[in-house]
Amino acid sequence: MTNLFEDQSLKLNTGALMPAIALGMSAREETPEEVKAYFRKALEIGYRHFDTASAYKTEPMMGEVLEDVLNSGTIKREEFFITTKLSPEQTHADDVIPSLRESLSNLRIEYVDLYLIHFPIRIKPGMKPSGARATIPEDAFLPLDLVGVWKELEQCVELGLTRAIGVSNFGSNLLGVITADAKIIPAVNQVEMHPGCLQPRLLDVCKQMGIKVMGFAALGRPKHSQEFTSIAVIDSPILKEIAEKHGKSVAQVALRWSLDHGVGVVVKSSNPSRMAQNLNVFGWNLDEEDHKKIATMPRFRLQDGKIWINQTTSPYRSHQEIYDCWSD
Ligand SMILES: NC(=O)c1ccc[n+]([C@@H]2O[C@H](COP(=O)([O-])OP(=O)(O)OC[C@H]3O[C@@H](n4cnc5c(N)ncnc54)[C@H](OP(=O)(O)O)[C@@H]3O)[C@@H](O)[C@H]2O)c1
């Protein structure tokens, strides 16, 4: 099997290598059997980084496959990289270690490679919003102590439950909050990033802090972006022209664009040929002219953080408290 750890990885501030392409395991539409099948297929195709979360509910299916694969000896634990995330319903210091232990039990492994705070928010159980335009009732928010939560993530490293820790959906303000008194600087910040949403200021701040960025929705979530933009990333005439020039697909150009920015990508496909295509993005680059053209594409953001803001119960009163401006 291909080892993606050598030349297709990002080096974390822990010294570990993280494969730059992760397969998204959010599986909104697939049945449990389909999730197991596409996870198994992805391992066969050569994926070595998988991005799941307690909230995605796919850990148990992955666990079944992982146990099987590890017992058969076809792949060793150190040959793949698993990221999972603390659910927004458990963003409380007391819940961190039990939550990660539950994820490990679901995944049937001894440690994960990366554990992330999924959102800088804490909501009541059962109030998880679904859909990007969903709203959260004001009484769903619970008080949040991000510094206390981060200390428990640090403890997870001490306990050997995870090799690295990080965050997701954090803007530079919030990175400042948790790093001010941290023993461990986050290894990764996973945020939305695709050719419609480059976040130059955040990329800069993460670079200065030694935090690697993983971009999610790296293809701009083709089937669900109509509400946010008139042209889906995958239908962009600019990307089509560039794809023709390089003899690549539009998806490959979009993924290469992220990699060229030094950003890893989380991309989801359950279709074997598209999975293979999305992994085949190494050994070439976009040129300066391509990057200039892509910079003129219409901007949009699938997750703008508005659902997390209210004037009473949320820790955030304005967008800027959570996210950086993403359109500059
Ligand atoms: N941290 C967070 O808050 C957060 C938020 C959102 C997502 N994520 C992570 O990011 C992952 C991906 O996000 P996403 O699913 O929202 O967005 P995405 O990866 O941009 O889009 C996935 C969609 O693109 C299609 N697709 C994949 N490869 C393609 C190709 N080569 N050509 C054409 N279409 C292609 C897939 O359909 P087929 O399956 O039919 O190929 C699927 O419908 C998630 O699974 C999750 O792991 C994290």
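Glycine too: its Cβ is placed from the backbone N, Cα and C atoms.
According to TrEMBL, the feature domain 'NADP-dependent oxidoreductase' maps to 24-295.
Neighbours of Tyr56 (active site, proton donor), defined as other CB atoms within 10 A of its CB across all chains, total 20. Per TrEMBL, active site, proton donor is recorded for Tyr56.
Taken from TrEMBL, the feature site 'Lowers pKa of active site Tyr' applies to Lys85. When secondary structure is read from DSSP and collapsed to three states, Lys85 (site 'Lowers pKa of active site Tyr') falls in the strand class. Counting only same-chain residues six or more apart in sequence, the Cβ atoms lying under 8 angstroms from the Cβ of Lys85 (site 'Lowers pKa of active site Tyr') belong to Thr52, Ala53, Ser54, Ala55, Tyr115, Leu116, Ile117, His118, Ser168.
Among the features that TrEMBL reports, substrate binding site is placed at His118. Neighbour count (other Cβ atoms within 10 Å of the Cβ, all protein chains): 21 for His118 (substrate binding site).
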> Secondary structure at His118 (substrate binding site) (DSSP, helix/strand/coil)?
Replying inline: coil
> If H, G and I count as helix, E and B as strand, and all else as coil, what does DSSP give for Tyr56 (active site, proton donor)?
Replying inline: helix
